[in-house]
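Everything below concerns the one structure shown next.
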Amino acid sequence: MSYLFTSESVSEGHPDKVADQISDALLDEFLAYDKNSKVACETLVTTGQVVLAGEVKSSAYVDVQEVARGVIEKIGYTKSEYQFEAKSCGVFSSIHEQSGDINRGVERADPYEQGAGDQGMMFGYATNETENYMPLALDLSHSLLWELAKIRKEEPDLMPYLRPDAKSQVTIEYDDNGKPLRIDTIVVSTQHDEFIGPKGISQKEADEAMQKRIALDVKKILIPRVKAQYPAHVQALFNDNIIYHVNPTGKFVIGGPHGDTGLTGRKIIVDTYGGKGAHGGGAFSGKDPSKVDRSAAYAARHIAKNMVAAGVADEMLVQVSYAIGVAKPMNIFVNTFGRAKVNMTDGEIAAKIWDIFDMRPKAIEERLKLRNPIYFETASYGHMGRKPQTVTKTFSSRYLQKPVTCDVELFTWEKLDYADKIKDVFGL
């Protein structure tokens, strides 16, 4: 019997994502000037106010106000009527030094014996239902909001009323074998300007006219653009019977941090697999790679994606766990959901992963090049399923004479650089 599965995403202007992006921008700034920085930075955003808190060990000085305001401006909160605006909002910082008790458990004379920054379990997941080995419902949800933001920033005349805050949700019907059959429902809620109608009509009538315009634009402008980004077999899932809910409350003028308080780390399912697979509970943003909540989750995704791409299974979940101060993981667990393509148990597959991948924190950092300022880009539209690329970044501050320019690789955990080795090990 078929079933329905739903995933959601939120835009870069969603308050929780504003917080995530500020935290990761601060992390990047510290790493740009000191690659050995230890950072755990949390952000709260609300009406007209940003609050920064956390622990840092670094030789770098970062102008946290400058960084936070730059992120807010980049997202698009640049008008006073938003009641959260880059130049005028308050920025309060309570960032202090990292605990010595934690640091003694992490740093070692032999870097490869560097202990995990905390205990916990982390998961990586991959499925071959999309070209980027991500669950389709989540991938579509991200694409809807990525394209909406692109229209807002690059083609404002198309949908001139758009504001930064938005959410999406996609429901897909699957068959018993986990194959997508059709898109059932699409939900898009986007913040918009107040609509002032011509004289002689009420505000209610003006709101209804605005709602009608937004719904039409989503169906006629946004959906076709997103559909065109996918291969033919995914395009075929779009159909005339899709249920659309566009701004279902009828109005979405008050939004962003003025509408809801935002906090770092509250969109961990959006950040990962949209409810597919599993999650260990640890958030990513604002954490340097000594925190295995982040680095080991990326490494587990790297394993799962390369294993599925190599043909070991059509779907795979990988769990890894750590004790604080201990380098070697407690375990590696694999679940192929009965979709393995090799004549092995999941336990036997996990045993081979131990032989292929060094999962000590320092080895992960080096393999995935995680000591670079690569994190701001991860903080919106998902940490997984993104395209690996090399970019040039420049960091500058009014307090430092020379800017820092560096070439960095983004989303290294999405590279299929171990697929051939896996094929050799598994005889594929």
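Using the three backbone atoms N, Cα and C, a Cβ is placed for every residue, glycine included.
Features as listed in Swiss-Prot:
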type	residues	note
BINDING	His14, Asp165, Ala166, Lys167, Lys251, Phe252, Asp260, Arg266, Lys267, Ala283, Lys287	ATP binding site
BINDING	Asp16	Mg(2+) binding site
BINDING	Glu42	K(+) binding site
BINDING	Glu55, Gln98, Asp260, Lys291	L-methionine binding site
REGION	98-108	region 'Flexible loop'
Candidates Gln98, Ala166, Lys251, Asp260, Lys267, Lys291, namely the binding-site residues, that fall within 10 Å of the residue listed as 'K(+) binding site' by Cα distance: none
For L-methionine: widest Cα to Cα gap among Glu55, Gln98, Asp260, Lys291 in Å: 30
Position of peak Cβ density within 10 Å, selected from the binding-site residues His14, Asp16, Glu55, Lys267, Lys291: His14
Rounded Cα-Cα span from Gln98 (L-methionine binding site) to Ala166 (ATP binding site), Å: 35
Cα-nearest neighbour of Gln98 (L-methionine binding site) within the listed binding-site residues, His14, Asp16, Lys251, Lys267, Lys287: Lys287
C-alpha spacing of Lys251 (ATP binding site) relative to Glu55 (L-methionine binding site), in angstrom: 40
Winner by Cβ contact number (other Cβ atoms within 10 Å) across the binding-site residues Gln98, Ala166: Ala166
Alpha-carbon distance [Asp16 (Mg(2+) binding site); Lys251 (ATP binding site)] in Å: 21
Lys291 (L-methionine binding site) to Asp16 (Mg(2+) binding site) - Cα separation in whole Å: 21
Neighbour tally for the residue listed as 'K(+) binding site', based on other Cβ positions within 10 Å of its Cβ: 21
Which of Lys251, Lys287, all binding-site residues, has a Cβ with the fewest other Cβ atoms inside 10 Å: Lys251
Mapped DSSP class for Glu55 (L-methionine binding site), helix or strand or coil: strand
For His14 (ATP binding site), the three-state class that DSSP assigns: coil
Among the ATP-binding set His14, Asp165, Ala166, Lys167, Lys251, Phe252, Asp260, Arg266, Lys267, Ala283, Lys287, as the record gives it, the longest Cα-Cα distance in Å: 36
